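As structure tokens, the structure follows; a few thoughts come after it.
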């Protein structure tokens, strides 16, 4: 399950109770064998054990055997299932507040199971009203067959003011007869998504809706409520942690085409809450087809908007959903730029031809709104990590004319290499960030001698630096 190349299962859709073979196959991917094969558990399946070789589980009769529990417990203790330690994704379009039997008549249940347009339910057949579904595949009530492992769906009428529930025919709860109920009450809050640092949690509006799949709300009402939670124990260190990078680093342990890669975050603007990563070695982008963990910031430009259940929720800097409180240019909530230092430099220099990169300038830690512009010509720029003494961007390795984005030091660098053969104003190389740079970055330059001119290097640098690190 936790190895990407093997993390898949194949299960046949056999109707409403396909959940049991799907669960059965998922257990195989977790290393669980059939009951009775190499263990002492019942292999007949008559008790409804889901891991029997022949699945006889049903809505009223299903369970996991002790053998299955033992294998899973051993796997958990051996840290084999760490990939499952994520947060489930909650999508409203997959929700139903109704019991399935309210939506599917008996004839429709026969159709879904059999796939036959002429199939019909056979009334009055069978000893157990809610545990057996009898259908005619030919449409003739004289030829009825019992559907294997299929009882009636919960909510199916089984008598006057009665309905099926967990295989039994019970009295209908009078409250369920109320149509289009909706309540101003909510469920309890979900667990905070983080135990250290700022997390998020949500709760769902309670709803009982007899005839519709979704609750109906006014325009100013929402199905969910969201709020921030958690507490910073080491606020300054936590700010420099890139939670999206942490999630990408999980793929570092896998080889791709025979080598290990260092995976760093990549954000698609249309899908900010999807986890995508790029390889520092090859530049290849990996779309993990999964959502980032709850409370991950949606972008690097705005640290306040956060992903919850794969949706970007627009918190303001005071933690209010869709609030109006904004940060100033040095990151102070509701600030007025009075604690900001605005810095500008212009560097003109003649560099030797065809030599290695030369140091130009060091951007200090906590700089924000960085902008670097370079004139057209022979020179290329590089960005150098002063902590690890390595380049994370080299201008001579970029594809000319192609913009790209790279995440480093917990912020996103937007690079426009421009076209060195053009003298137009838009041919200037530009590098920009908006968020805080949590590290010292050295700007370096190199003369490639690609043009027959001797114009000196001309670089303009601007950024904002907070007067304190409380940002």
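Including glycine, each Cβ sits where the backbone N, Cα and C put it.
In the predicted model, the domain 'Peptidase M12B' (1-88) has a mean pLDDT of 83. The feature domain 'Peptidase M12B' is assigned by TrEMBL to 1-88.
The disulfide bond feature in TrEMBL is assigned to 2-83 (among others). Under the three-state DSSP scheme, residue 83 (disulfide bond) falls in the helix class.
Among the features that TrEMBL reports, Zn(2+) binding site is placed at 24, 28, 34. For residue 34 (Zn(2+) binding site), the same-chain residues that are 6 or more apart in sequence and have a Cβ closer than 8 Å to its Cβ are 43, 51, 52, 53.
What TrEMBL records for 25 is active site. Look at residue 25 (active site): DSSP puts it in a helix.
The disulfide bond annotation in TrEMBL covers 41-67 (among others). Of all Cβ atoms in the shown protein chains, 21 besides its own fall within 10 Å of the Cβ of residue 67 (disulfide bond).
Residues annotated as Ca(2+) 1 binding site in TrEMBL: 83, 86.
Among the features that TrEMBL reports, Ca(2+) 2 binding site is placed at 86.
DSSP assigns residue 110 (disulfide bond) to a helix. Positions annotated as disulfide bond by TrEMBL: 110-135 (among others).
TrEMBL lists 130-164 (among others) with the feature disulfide bond. Around the Cβ of residue 130 (disulfide bond), 25 further Cβ atoms fall within 10 Å across all displayed protein chains. When secondary structure is read from DSSP and collapsed to three states, residue 130 (disulfide bond) falls in the coil class.
The disulfide bond annotation in TrEMBL covers 158-169 (among others). When other Cβ atoms within 10 Å of the Cβ of residue 158 (disulfide bond) are tallied across all protein chains shown, the result is 18.
Residue 192 (disulfide bond) is surrounded by 18 other CB atoms, counting those within 10 A of its CB over all protein chains shown. According to TrEMBL, the feature disulfide bond maps to 192-229 (among others).
Cα-Cα distance from residue 130 (disulfide bond) to residue 28 (Zn(2+) binding site): 31 Å (rounded to the nearest whole number). The DSSP breakdown of the domain 'Peptidase M12B' (1-88), given as helix, strand and coil counts, is 29 helix, 4 strand, 55 coil.
Of the recorded residues, residue 164 (disulfide bond) and residue 24 (Zn(2+) binding site) place their C-alpha atoms 25 Å from one another.
Comparing residue 28 (Zn(2+) binding site) with residue 135 (disulfide bond), their Cα atoms are 32 Å apart once rounded. Of all the disulfide-bonded residues listed (41, 83, 110, 164, 229), 83 has the fewest other CB atoms within 10 A of its CB. When secondary structure is read from DSSP and collapsed to three states, residue 192 (disulfide bond) falls in the coil class. The shortest Cα-Cα distance from residue 110 (disulfide bond) to any of the recorded positions (2, 24, 67) is found for 24. Each of the disulfide-bonded residues 2, 135, 169 was ranked by the number of other C-beta atoms within 10 Å, and first place falls to 135.
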